[in-house]
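Notes follow the structure.
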């Protein structure tokens, strides 16, 4: 800038020095040599000014060039950012399209599942009706078979007996196939339901809004009948001094495990097995250990009790109810699997009367294995010949009397005693097992169910 000002100052001087000689001659003739020297000095000054101006312009150009380069770099960065933003926007649009397609697919699958569920329920109802009809036919055929065997002409009618047996087996196989089909359809429905829930969960995360084995075993056989557990009731005059449960027996100084007679309040006296191995008294209500006792019993026997107190037994629902009406009790389950690992779980519980099908309501309080009994749910007891209204055919399919949930297959400590790897898969499902929700199934080798008052 200073150079430019100097240049503007020098230029007029140079111009003034170049005045026409004819005009300057009017002043004085002898001054001509002095004017020439003045013009040379002015030219030098002008040249110097121009040189400085050139350097100044050069510096200005360099600075301007640097600023322009900075501007271009910023423009390039902006262009790259805009390009990246455009790519990301396109990706988001593609993801949105994909999610919308997924949502449409989900809606279609949901409709398919609903239709399948309706169809499955219809098939299940028809299968159950058909099964009931087949059971009536089988019972009628069994009666005919019994009459044929007992009749004097039974030996002569052997071909007819063989034919009846063959027909019964065919009907049994038909029931097995039908129930297996229902089981497979239930599994498919459960898998699709889980897939739908997973997709819905993903959709909720993106902000765009739009099962245990439920298997039914195949075979329903009539169980052999075992005599009810003997009460060994004592005379009324002797019952007043009897303890109310095994805790009362223990408090009287009897610290050895064994069979004792107790008399709960408002009940007759009966024998129980008191277990003191853990250092505290427990009243056993069920024991499984070797399969010597068949537990696929009738409702009447499950109410009265069956088996041997020094072996495998079920104490009886009536006696269990009489015990637990006296106080608040803890239900303890001790389980041993086929790897000889020992587990236990304890529940606080409430047991209903005969009128409620001995409804069980539990809440887990302790244990080293997850509980498989549904908590805070009414579980009604049922057997193959006594089923609460609305329940599935769990006892017929899985064997034994138990507190069943809305679905079968979660747990059953009164099932058929099966050794591992000796039976087919349907038979294993009818065995003794414990399956916490969404976890592995424990095949049980031995089990104990026992009671102890909380106070």
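Glycine residues also receive a Cβ, built from the backbone N, Cα and C atoms like all the rest.
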Quiz prompt | Segment assigned the feature region 'Required for inhibition of LPL lipase activity' in Swiss-Prot (from 32-56, 257-281) | solution = 32-56
Self-check item: Other C-beta atoms that fall within 10 angstroms of the C-beta of residue 357 (N-linked glycosylation site)
Solution: 21
Quiz item: Given the glycosylation sites 115, 296, which one's Cβ is surrounded by the fewest other Cβ atoms within 10 Å?
Solution: 115
